[in-house]
Amino acid sequence: MLRALALGLFISYMIFSVAADDNCNCDDEGLWSIQSILECQRFIAFIVLCGLTHLLNGWTYYGQHSFQLMLSLTIAKFLTALVSCATAITLLTLIPLLLKVKVRELFLRQNVMELDQEVGMMKKQKEASLHVRMLTREIRKSLDKHTILYTTLVELSKTLDLQNCAVWMPNENRTEMNLTHELKTSSSRNYRSSIPINDPDVLEIRGSKGVRILRPESALGAASSGGSCESGAVAAIRMPMLRVSNFKGGTPELVETSYAVLVLVLPVANNRVWSYHEMEIVDVVADQVAVALSHAAVLEESQVMREQLGEKNRALQQAKKNALMASQARNSFQKVMSHGMRRPMHTVLGLLSMFQEDNMSFEQRIMADTMVKTSKVLSTLINDVMEISANDNGRFPLEMRPFGLRSMIKEASCLAKCLCVYKGLGFEINVQSSLPDQVIGDERRAFQVILHMVGYLLNVYDGQGTVIFRVFRDSDIEDKDDKMLGMWRPTMPGEHIYIKFEIEISEKGSQSDGAISALNYASRRHNSNEVKEGLSFSMCKKLVQMMQGNIWISTNLLGFAQSMTLVLRFQTRPSFGRAIFAHGSSSEPNSNSQFKGLKVILADDDGVNRTVTKKLLEKLGCHVTAVSSGFECLSALSAAENSFQIVLLDLHMPEMDGFELALRIRKFRSQNWPLIIALTASAEEHVLERCLQIGISGVIRKPVLLQGMADELRRVL
């Protein structure tokens, strides 16, 4: 027993001695720090000593005991008292430690709760992102607007467990919002499919960003409930409907944007309300739907533009086809005009020019000259038609050359007299004596206009009377500005005069002038206005204006055409330059003896023209070799025994034209060049320039006349 007591006292002493050692520098911040362990040891020692003391008291309670036992009991009680005092003292430091532990425990619990909330939010965000990705993937599977919207409604209904979803879009006039897409269609008669765009809920949704919770009495929410009488909370959000036009001239924020409204209805069960997590999903999905709709709109507009471009391309192809057909028709027309009218007319003129040189009586010569002049007019008309059809600008070059004014007036009066006699009318002519004999201008077209004037007046008049032809110099117009006649001022040097041609029908008879006029014009209802709108007068007036002149019609008291006046401007002194086109008449007689024995080679693909041109050359005394192509001409020139002095070639031959033939002649006959004269029906300036560049000595414009050919040969030689 004593041994056990001694052992317990020894253990208590050791615990107390260890607890009394405070020279430790360990960290006491941890939960099981050295200081806390020591405090616990002291408390344990106190418990052990108290237990021993009570054991000794119980053991010594009955009977007498020895002195050693009582001494041990006294020592134990004394040590128990010391330990109790030490424990009581240490409780002052143990209580703050316990409080500190409790506070730390509270902080740890709060941190754990916050971490749980954050983890929950992260899980919700992950779930929301998963839903958004899933919805976005489903939405973007198609670029069709209706498919996108229907897929959005279905996927949102599955994800958020909705009662109904609906999409409202503005009409074309933007006065109403129409229900275009709905998940559950209502069959109720009270079902509203349109809401005014100025509805308060609609205005609030269109004017704000994010999800808006609608009021229970909202008309928009009631119309989107799918016909159900009861519905839960209703949320709505706007979706911008962007097009390509929204990005022209600025960003979508700077232009007026059209908005659609997405309405979502929760079920009435369980009194569900819209959570922040659900509204966030709706907001993100609405943005994705807006992007998908903008892509679909761009694709739709691109398809429309592609269709429009296709239509324009087809229209261009048709226009190209029509232009090709028109070009082919024009080429065919020119070919027919050239082969069917111009070439035969040139042949007739060439033959008539041969007859003019023969000995004929006075009446025969007048008839021959008249036939030549009228044939020239017809030839000029044919050339003008071909020039207009070829150039597409309605203009053609003028043939400005010297000619006899009085001779032209005489020939025109002869033709006019023949026409008047045929119509049963008299004819008088009055020509001013001071008119110059030689002027510079377009003789053929002036003659053509005069014949047109005579023909028109004879066409509109049907009665008895006399046609008076007056020609005189208009000195008053020469002193005035040319703009009074609507003409442009010339740039060519030299003096000029204005010649006025008047053709008037003087009526004769016993009746009054008004009765005669009414009777004579009864069958011809053409007044001056109708004439000016006619094609022939318009073309004639355009021709006169090209010749720097003017033409007009004078009417009588009844408003019918009675006279026509023509004013033309001619030069009296030639300008500096070289006339390359020779056409026939010469003011001075010249001998053709120098042409006798002249060796000429003629190249022309047209057999009739080649024969007539050969006859004209032979009539002048030339020895002519005629070929039908450029290759035959080169073969004839390469023969050593043939030394030709003149090469007369047509510029428009097939296979090898006249320009290429002239270049080859200059190349192969560089030492002894023959003189080259070109035949052409064109009067364009670039033809003359090209002829001069390649070394052609002269040009004769068709129709080829005897006197014109003689003059050009004389000039070249």
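Using N, Cα and C of the backbone, Cβ positions are placed for all residues, glycine too.
Record features (TrEMBL):
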| type | residues | note |
| --- | --- | --- |
| SIGNAL | 1-20 | signal peptide |
| TRANSMEM | 44-62 | transmembrane segment |
| BINDING | C50, H54 | Cu cation binding site |
| TRANSMEM | 74-99 | transmembrane segment |
| DOMAIN | 336-570 | domain 'Histidine kinase' |
| MOD_RES | D650 | 4-aspartylphosphate |
| CROSSLNK | K702 | ubiquitin cross-link |
Given the recorded positions H54, K702, the candidate whose Cβ has the fewest other Cβ atoms within 10 Å is H54
Rounded Cα distance, in Å, between D650 (4-aspartylphosphate) and H54 (Cu cation binding site) is 157
If you count the other CB atoms within 10 A of the CB of D650 (4-aspartylphosphate), including all protein chains displayed, you should get 23
On average, what pLDDT score does this prediction assign to the domain 'Histidine kinase' (336-570)? 75
Cα-Cα separation of C50 (Cu cation binding site) and K702 (ubiquitin cross-link), in Å? 156
For C50 (Cu cation binding site), the number of other Cβ atoms found within 10 Å of its own Cβ: 16
Between H54 (Cu cation binding site) and K702 (ubiquitin cross-link), how many Å separate their Cα atoms? 161
